[in-house]
Amino acid sequence: QCLYQFLAFVPPSNESLRKPGTASVMVDTQHPLTLLLNSSVGDRDLCKIQYHFGEFGNYSLVVKTLSTSTQTVSCDLIINEGPINSYLPILFAFLVYMGILATLIAGRLLMKIDPVRNWVYKKLNPRATDRMINSELGSPNTTDSINCDPAPQSWSTGSRQRLRSLDTFRGLSLVIMVFVNYGGGKYWFFKHESWNDICWLHFPSALFSRFVFIMGTSIALALGSMLRWGSSKWKVLRKILWRSFVLILLGIIVVNPNYCLGPLSWDNLRIPGVLQRLGFTYLVVAALEVLFTRADSGTWEGRFPALQDILPYWPQWIFILVLETIWLCLTFLLPVPDCPRGYLGPGGIGDFGKYPNCTGGAAGYIDRLLLGEKHMYQHPSSGVTYQSTMPYDPEGILGTINSIVMAFLGLQAGKITLFYKDQPKQIMSRFVIWGIVMGIISAILTKCSKEEGFIPINKNLWSISYVTTMSCFAFILLLLIYYLVDVKKWWSGAPFLYPGMNSILVYIGHQVFANYFPFKWKMQDSQSHAEHLTQNLTATTLWVVISYILYRRKIFWKI
């Protein structure tokens, strides 16, 4: 539903030289395009062609006049040079990483052979050899990692064992987020969607939400442990306030870099951001958990034992429902100047250009009203496709309400692991039930479509359908990782375990050093997917290696 945009003017043919009029243009290959040819005389539509052009292909649209009396023309699309297969670099990168994985697995199996292990003992320092064999890449033994963890998050009063699946889940999401932020090889499907999303088909939009979800899960385990070990609620609240303040402060510093641009002006300081939203979400959800949790959680003796992870916390659910009601009322009932009520579109040329300055509807209006346009993100993803000119912040005020809801659903996953701590089948079955419930709610809200539902899936708005959809997949993904890592112990969680245990350092580090070697260098061909993919994968892999080195040296940056 976009307005047609002027592409080119084709001059008339030169009859004396028998030379046709030509015009050369470059078009986008991400989406199918509709080309409309208009006559310069009478502004009449001559022909319309819809086509999905291939990357680096060369095409000709040949227009011929069939009848001058009836002004009939023919339009034929000719492929002069076929598009390239831009997915070959992805296949090559996949084979390289599979080769590395196969080598590590083969090395691990060889170390189980006595002659090979004895030969290694003779060649290497015994102490260094012992460290290598007991490392996460050499053996999935969990005892060492438990003992060297400076800040374990216990999930039972009798064990200080850390749920490795949580760190693996967090690390997996973080590694993909780093890769996407570095450019994702310049592939369109590794970029954030311009506006509405197509559920899980566009997985970059799910990364931040998974981070918020697992933060909620960690809150349940960490705070529950602190309270059971005798910490007072006021002491825990002070720690929550301090951590939230530090996260928000770090976020403001990270999103406002001025390394070589001179002093930063307070007039255009961006206030919202990823860490800011994480900090505020953490503050609300953690405080909610501390105020309404009990140190003896797990001993519920009331009616409906199947709901023991829900019923004791009814004040929390009422608070969350009130928050969601506020979001719905503001989104669909708040009057926005020159915009229809309940508008959820991108503005610009979207919706046939009817509401060019309504990007984000109430969400954008509230941010511009309370923060000011200069303190928001100036280059939203909607500007590329929909040519919107209004600033819009995807981490704005209104969307933070639903990020709190997302973290609260993650908190529910943490409570499930607490209440059913020695019953993995119960834990997994409840993860499945929650995933199904969230999926059904999403199907109802979206009508299983991208644009036609009551509330579309939209990361920019953090719509409630986005939250329920991403929670659905978060529960299922956590279920799979929990089963593989903590139940069956078929997978140690490596290599994602390491960045998951140093998530704040990796996230801030990849932002601060994004433009420094060896994370970035000058490329020979800036249009090459292979070069971009090589650079982005190298940078991402370096952060995994750095997090592994820090893990081995027992260095963990926590707030």
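Counting starts with 1 at the first residue shown.
Glycine too: its Cβ is placed from the backbone N, Cα and C atoms.
Positions annotated as domain 'Heparan-alpha-glucosaminide N-acetyltransferase catalytic' by TrEMBL: 162-285. The transmembrane segment feature in TrEMBL is assigned to 90-111, 169-190, 210-228, 240-259, 274-292, 313-334, 397-420, 427-445, 465-484, 496-513, 533-551.
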Mind checking which residues of the chain, 6+ beyond the ends of the transmembrane segment (210-228), have their Cβ under 8 Å from one of its Cβ atoms?
153-155, 157, 163, 166, 169-170, 173-174, 177, 236, 277-278, 281-282, 285-286, 289-290, 293, 295, 297, 403, 406-415, 417-418, 470-471, 474, 477-478, 503
Quick check: do the transmembrane segment (465-484) and the transmembrane segment (427-445) share at least 3 Cβ pairs under 8 Å, counting only pairs 6+ apart in sequence?
yes
In the same chain, which residue numbers or ranges, 6 or more beyond the ends of the transmembrane segment (533-551), come under 8 angstroms Cβ to Cβ?
89-90, 93, 136-137, 171, 175, 178-179, 182-187, 495-499, 501-502, 505-506, 509-510, 514, 518-521, 523
Need a quick answer: max count of Cβ pairs under 8 Å to the transmembrane segment (240-259), which of 169-190, 313-334, 496-513 is it?
496-513
Residue counts (helix, strand, coil, in that order) that DSSP gives for the domain 'Heparan-alpha-glucosaminide N-acetyltransferase catalytic' (162-285):
90 helix, 2 strand, 32 coil
